[in-house]
Amino acid sequence: MKRLGHVPIHKGDFHLLPPKVQRFVAEKAELMRPRGIYICDGSQHEADEIIDKLIERGMLSPLKAYENNYICRTDPKDVARVESKTWMVTPDKYQTVCHTPDGIEPIMGHWMSPDSLATELDSRFPGCMAGRIMYVIPFSMGPVGGPLSKIGVQLTDSNYVVLSMRIMTRVGHEVWDALGDNDFVRCIHSVGLPRPVKQRVINHWPCNPERVLIAHRPAEREIWSFGSGYGGNSLLGKKMLALRIASNIAKDEGWMAEHMLIMGVTRPDGKEHFIAAAFPSACGKTNLAMLEPALPGWKVRCVGDDIAWMKFGEDGRLYAINPEYGFFGVAPGTSKKTNPMAVATFQKNSIFTNVGETANGEYFWEGLEDEIKDKNVDMINWLGEKWRIGDPGLCAHPNSRFAAPASQCPIIHPEWESPKGVPIDAIIFGGRRPAGVPLVFETRSWLHGIFTGACLKSEATAAAEHKGKTVMHDPMAMRPFMGYNFGHYLQHWIDLNKDGRKVPKIYHVNWFRRDANNKFLWPGYGQNIRVIDWIVRRLDGEPDIGVDTPIGIVPKKGAINASGLPDIQWDELMSVPKEYWTNDAKEIRKFLEEQVGPDLPKEIRAEMDAQEERINKQA
């Protein structure tokens, strides 16, 4: 067997790797001291081999009702992204965070000094892979070799990560060819539990929750993740590379890396528009990306459901690619009623984490009660306990996930892997706003749209560790994923609007407004096509369908196609209540002054002043 120093190479030819990758692998093998090295090739044979090993070990079990679907339960302490332990590391603190006043904790960006990082890494990574295999995963974000694509190499000691990365990114030999001796994003991941293990491993899921650390070094294009196997912390191509590191690269190179879905919407007359939309986690990005239109003649096709990399083309239009290869979706609430296309996507070749399992070998989670054939079937919940519908507690963890290949989505767009991307006509921001915010409004300009995105708020969700129903700020839906100083990020958006460029129109939507009895005012889901229809008509210049308000243009009464809808309280749904917005404006000013302070671009401050003035003048 070939060796690298003392370490046997179980698979792959080390000497065929690009020289920079060889140095990276050798250096980290010396640091983490695995018992062997395994260079992944992304083949089906490799996946089958790893799946068999994990089934034998008890970490995965097949869901017998489907073809090649597997379920896995994690340690109950390792179930979500850990924002409090996720850091950006820059020599100057203010490259990462804004200049906030004394006593105000920045909510965007979480800074650590390079010296502190060195200490933290030194206390974790030496010898951390003892007794485990180090897998080397070459992966491409975006089509291999595409002009907008980026290559990463992830080292990990988790086979769950190897299996998930081949669904979520493009893994394979061709990545090495595309890389050559160019630079790549260095991704180092360990579950942080060297063998012999001194503590009890729960659910055959090694992790080290007390010692979790996720650190990004943007200047070095490097990511370190320790102690967690959960996807949001361990699949380093996802939020870490595709948003936190990519937003830094994008700032340097003049493009955008955003937390947005990309959808193609075709009108009944055959004209297609592409829309990117930013919603905080668990506000329905995946549902909108795979919308099943309730209006006849409309067609929606999905390019991506979570991340958009966008760059202006030679023709002045903004082109977007989905850098991912799969969907990593929240399972609870996903059903044939709420998202039939997602359900169709994960009928095979998918991995389910922390969901329930029925005695018939099917998955189960909250939201599937009406769709399950046998309501009395015995189940095992996400904690591995016996469970039945009607029992107390939840069957699936609220942040349980499916990982499914995007190519299996029945409405995946034929251009979803186009290397140059699709041209974006509109950007939508949205969040869960129970009060005060109309169903949809169009912003006044690119700058007013940036201001509106900076003010994005939403009720907190399961994807992060926050609890309770508080409405939280989530600017541009990027709060947990900001890769650098948010004031500089806003300035970057402003600077992108150069002469000769056609910037998209920017909209804000709110599917979640409630009436006095706490009932939703809007039916949502497939009916959201009616809002998209209004947006598209605005894009196409249809006259007389909008009304000016202090916050932007809302649909004129009767402008939204209501055929076949039950009674909707249109006035309440579209209203812009003066008292609400007067208070909101004060709250937004306080937020931007405290959180962005002197880093707030003057153009955005001017937008804030102008909007306050419009609200105060409102009758």
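Cβ atoms here come from the backbone N, Cα and C positions, even for glycine.
A quick note: this is a predicted structure, and the numbers were derived from the prediction, not measured.
Swiss-Prot names Ala282, Cys283, Gly284, Lys285, Thr286, Asn287, Arg401, Tyr525, Gly526, Gln527, Asn528 for binding GTP. Of Arg317, Arg432, Arg501, the residue it gives for the same site is Arg432. Record check, Swiss-Prot: substrate site residues include Tyr230, Gly231, Gly232, Ser281, Asn399, Ser400, Arg401, and the candidate from Arg81, Arg537, Arg538 also listed there is Arg81.
Fewest Cβ neighbours within 10 Å among the binding-site residues Tyr230, Tyr525: this applies to Tyr525. Between the alpha carbons (Cα) of Gly284 (GTP binding site) and Asp306 (Mn(2+) binding site) lies a span of roughly 10 Å. Summary of the Mn(2+) site environment: with the site residues Lys239, His259, Asp306 set aside, the chain residues having Cβ atoms within 8 Å of the Cβ mean position are Lys238, Ala242, Leu243, Ser281, Ile307, Phe481. Rounded to the nearest whole angstrom, the C-alpha distance between Gly232 (substrate binding site) and His259 (Mn(2+) binding site) is 14. The local packing around His259 (Mn(2+) binding site), expressed as other Cβ atoms within 10 Å of its Cβ over all shown chains, amounts to 25. Across the fold, the C-alpha of Ala282 (GTP binding site) and the C-alpha of Tyr230 (substrate binding site) stand 17 Å from each other. For the pair Lys239 (Mn(2+) binding site) and Thr286 (GTP binding site), the Cα-Cα distance reads 16 Å. Rounded to a whole value, the Cα-Cα separation of Ser281 (substrate binding site) and Tyr525 (GTP binding site) is 16 Å.
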